[in-house]
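Some features that TrEMBL has for this protein:
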SIGNAL    1-24  signal peptide
DOMAIN    301-579  domain 'Acetyl xylan esterase'
BINDING   Tyr375  substrate binding site
ACT_SITE  Ser455  active site, nucleophile
ACT_SITE  Asp541  active site, charge relay system
ACT_SITE  His570  active site, charge relay system
Amino acid sequence: MNKYIKTVLLMMLCGFTFLPSIHAQKQSQNNLSNNFGVDWKFHAGEGRDSSWSRIDYQDNHWANVVSNKLLKEQGQKLDQGFGWYRKKLSFPAQLQQKIAEAEGIRIDLGKFAACEEIYVNGTLVGKTGEFPQNFAGYFDHERRYFVPLEALDLKGENLIAIKFFDGWSSAGGFLNGTVMKVEPASTVDKLMLKINVQDEDYIFLGSDSIAIAPTIANSGKKALHATLKIFLTTDDGAVVQSHELKVDIPGKGTARPGIFGLKNAKPGFYHYKVSLNLDGGQKLEEQVNVGYEPEKIVSPNDEKADFDKFWQANKAQLARIQPDYQLMLIPEQSKLDYEMYHVSMRSLDNELIMGYYAKPKKAGKHPVIVEYMGYGSKPYFPNQSWDGFAYFVLSVRGQALNEKSNHFGTWFTYGIDNKDNYYYRGAFMDVLRALDFVSSRDEIDGNRIAVRGSSQGGALSVVAASLDPRVKALAIGIPFLSDFQDYFKIAPWPKSDVAYYLSQHPEVSWKQVYHTLSYFDIKNMASRIRVPLVMGIGVQDNVCPPHINFAAYNQVKSKKSWMAFPSYGHSTGKAFHTAGLDLFRRVLHVEQSR
């Protein structure tokens, strides 16, 4: 696995959003391409009014940047994650007639992070992802936008303005080596293929058939003829159903070929791939995941006979380690309603681990939310505006605040041949040490502890509630570390890391790996949860697929609920965060702060 792919996977597993590429794959036959240079104007901020998108706005005071270098390499920072690019351009005479004949242009921005709106002469012509409060962003494919002729000034000056938000604090905007290209629109650029899933959250229940209704919208004047192909597979790739039909697409109109359904589906998740093949060879493709009766997915426990004994022994070893809590005030982060502390402590095998603790300035005994981080997340501070809770964000061994002293290699495969040496044995005990820490604090009510997290953090929250009765409620998003044998059939990672590990350690077998992982599979832990929980999933998640989320969820015997975010990949929307806080307030008896 190359360095770039590993970086992408780390960012996905942080619990931030990473949508799968469900946008069209457009193949243009027009070989006329124009490079309009790398020079742009840049300004940090959200730009709440519309003036920054207009051509008459004066941007002389904006910074001069280039698109083929990251903003952070040019000394630029975003303002609360937001920034804008602006660029003016005029079309050469030899292009003007071709653009008029093509009825518009296609703008290729290259790869971009993480979500954006693109304006041409003040008109919104396209959008990728969602801005906060429902952030959804990604950077896994080229950004391409069609701009209709009526939005352009062919003979005059045009403005391209891009408003963007970076949810990963990695500088955002254009990624390395990007040069914007503009060319006359091809036939396929003027088409929009959309898969309309016949259920609001893409999760079908009861007698409902799984069903989609594709539409093809044509912005061009010319009527078109094409072949529509629809493939439905299970999430592990088994073909369930296919259709092929001829479609006539009217000029300046929309084709609606019909509704395509599957009756009597088995519980699980399914994948639609819909392709439109134009006469002449151009192709358009969209993909989408849907689910059917996920609470009826059956993935039996495969825990070994000594499962409980193993974890009891590890907890006993942890109890013998003196934590030696050390707190250091961070004054610059303590200006609002909390005192912010950098915390260090000793965990299993005397490993030093760290975290950030937000101690309420308000007197009294407080409930606390312990937050566990995503795989490879960068350190972040907890909430700083009073909402009724204290907060502790833990960095497990080797990650985040502890990454500088990491000696666990690529965490997932470290020691995977033996349960006693496996990375997550220590990491799971770090989870409990965090509970020890908050319970030791005089200002914390030890009977009111909740845990939460997404991706790896969601899995660690399940671990906390399964192994420690001090946890009274949990909110888990897109949980990782579940149902490994099915997981490795559905998603490419982390199976790819394991395959590489085995290629370097031929003495270790897949059987040994699965034996080790059975002790760390949250599916095997979840039945021990006795407290309320809420789970959020991204239906388009190909990192921690919904199947593995429900494999663990379905083992939980306590009061529980789930929320599906239909267009989200490896992330969830703001509504899940709100639902988690609402659950914690109810269970821990916390009034809404004012």
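Here the Cβ of each residue, glycine as well, is placed from N, Cα and C on the backbone.
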- Length of the line joining the Cα atoms of Ser455 (active site, nucleophile) and Asp541 (active site, charge relay system), in Å: 11
- Just counting, how many other CB atoms are there within 10 A of the CB of Ser455 (active site, nucleophile)? 30
- State the Cα to Cα distance, in Å, between Tyr375 (substrate binding site) and Asp541 (active site, charge relay system), rounded to an integer. 15
- Message: Let's check the environment of His570 (active site, charge relay system): how many other CB atoms sit within 10 Å of its CB?
- Response: 29
- Message: In the three-state scheme derived from DSSP, which category covers Tyr375 (substrate binding site)?
- Response: coil
- In which DSSP state, out of helix, strand and coil, do we find His570 (active site, charge relay system)? coil
- recorded positions: Tyr375, Asp541 - member with fewest neighbouring CB atoms within 10 Å: Tyr375
- Measuring Cα to Cα, how many angstrom lie between Asp541 (active site, charge relay system) and His570 (active site, charge relay system)? 5
